[in-house]
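A short worksheet on the structure shown next.
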């Protein structure tokens with residue numbers, strides 16, 4: 001079919017008459033778009049009741065995204081146009097902090113809404129259900145810690161900071177059930193749902209879904225389109241308008257699994273103390289790159305605007321340069337402070353412009369699909385007076401794996417009012433580098449391998465591979481490497497102190 005021909009046609013090899021080719025491409029694009037339009041209408045025909053209205057809005061957003069996807073050719077940045085951001089566009093945190101705090105902190109807090117991105121499942125850590133419901137510390141889940149932090153703020157300053165959760169169709173039901181347990185906490189909790197978009201067959205560029213159902217054979221044909229969807233879905237939900245009417249001015253957005261993303265009163269004060277015309281509409285917290293962060297998005301100057309550059313947008317020839325710690329020194333923590341009225345304005349003007357991330361997936365039965373996504377930080381170029389603030393690393397503490405979980409469960413951190421802070425007893429502020437092998441990937445299995453979490457205050461590096469368990473009160477210092485070969489098992493005895501040791505095979509302990 002023409003589709004296959006069109007989809008697989010190498011765009012960069014144009015026929016001699018490039019005019020004709022351009023016309024041909026335009027015709028094919030229009031055909032694809034009308035086929036997509038027809039398929040979406042068919043799908044909408046199967047939606048029932050109130051869901052039909054929601055799906056209709058979702059599909060409007062999807063159509064815009066698909067339209068832009070068909071227009072885009074090649075990487076979305078020209079490497080030669082990339083410049084380092086001007087000095088004053090990324091401020092050091094200390095400079096923001098030096099301004100101090102106003103007398104009435106409650107006034108600023110009452111203009112703030114905390115938004116947590118809660119669309120993700122715990123599958124990468126072997127858990128069912130929303131990731132935010134995984135226990136992180138003393139039986140507290142990510143969600144518990146968030147609620148405790150905000151409740152603490154509200155009580156301390158007699159303020160009214162609401163919590164908003166952006167759920168996805170994957171997490172909404174389970175999250176809402178659990179929210180009942182916070183009814184007597186001093187924090188108002190709202191939720192809204194991310195859009196539900198259809199995954200696209202890579203060959204035909206048409207939806208895989210047969211109808212609007214989400215179960216059975218339709219279980220994996222839908223996806224939530226990345227956190228860049230926050231602007232449209234927040235606006236469409238009506239919650240944005242409601243919060244503006246309540247006098248709220250800014251949202252603080254972060255990933256629910258970033259335990260460092262607490263409300264920072266100095267950054268908030270910087271926002272609300274600017275004169276009205278100079279108000280900063282968007283702050284991105286960035287932090288210094290280490291070798292572990294080579295893939296994180298970075299801020300650049302491009303066409304005279306601050307812009308987020310993600311690894312997916314970098315031409316292949318420049319990926320190593322992008323990863324270098326010397327050229328791009330900072331990365332985006334995804335802790336963002338954004339003006340509510342600016343979101344409203346940009347949504348109404350249809351002026352939100354975020355680069356499209358094409359995410360390829362393979363479904364059961366080896367069906368290749370693509371899903372079109374956007375990133376919340378990519379909209380920075382649309383806002384006025386956008387600013388980067390270079391914050392301490394402690395504000396970026398994501399828990400993506402059980403190796404991260406081990407750190408936050410250990411005595412490296414102390415927990416107070418829902419916030420984790422690095423223990424004062426640790427002599428250097430960097431976190432140890434922890435790599436747990438595949439026997440530790442799933443939370444349930446990981447928990448059975450530690451009778452108690454080891455003392456890690458003096459640890460620099462830990463690598464564990466194979467069938468290894470830890471007894472109670474083990475202490476790890478310096479560099480510790482524990483490797484059980486296939487078929488071997490290593491049990492670290494209770495009370496052991498391992499300092500700069502390699503343990504291998506059948507528990508032979510060697511100095512290194």
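Note that Cβ sites are derived from N, Cα and C of the backbone, with glycine treated the same way.
Here is what TrEMBL records for this protein:
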type	residues	note
BINDING	131, 194, 226, 257, 400	UTP binding site
BINDING	227	substrate binding site
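Of the candidate binding-site residues, 131, 194, 257, 400, the one lying closest to the residue listed as 'substrate binding site' when CA atoms are compared is 194.
Note on residue 257 (UTP binding site): other Cβ atoms within 10 Å of its Cβ, all shown chains, come to 22. Within the same chain, residues at least 6 positions away in sequence whose Cβ sits under 8 Å from that of residue 131 (UTP binding site) are 120, 121, 122, 125, 142, 171, 256, 257. Around the Cβ of residue 194 (UTP binding site), the same chain contributes 119, 166, 167, 168, 169, 224, 225, 229, 230, 233, each under 8 angstroms and 6 or more positions distant in sequence. Sorted by the number of other CB atoms within 10 A, the binding-site residues 227, 400 start with 400, the lowest. Within 10 Å of the C-beta of residue 226 (UTP binding site) there are 23 other C-beta atoms, taking all protein chains into account.
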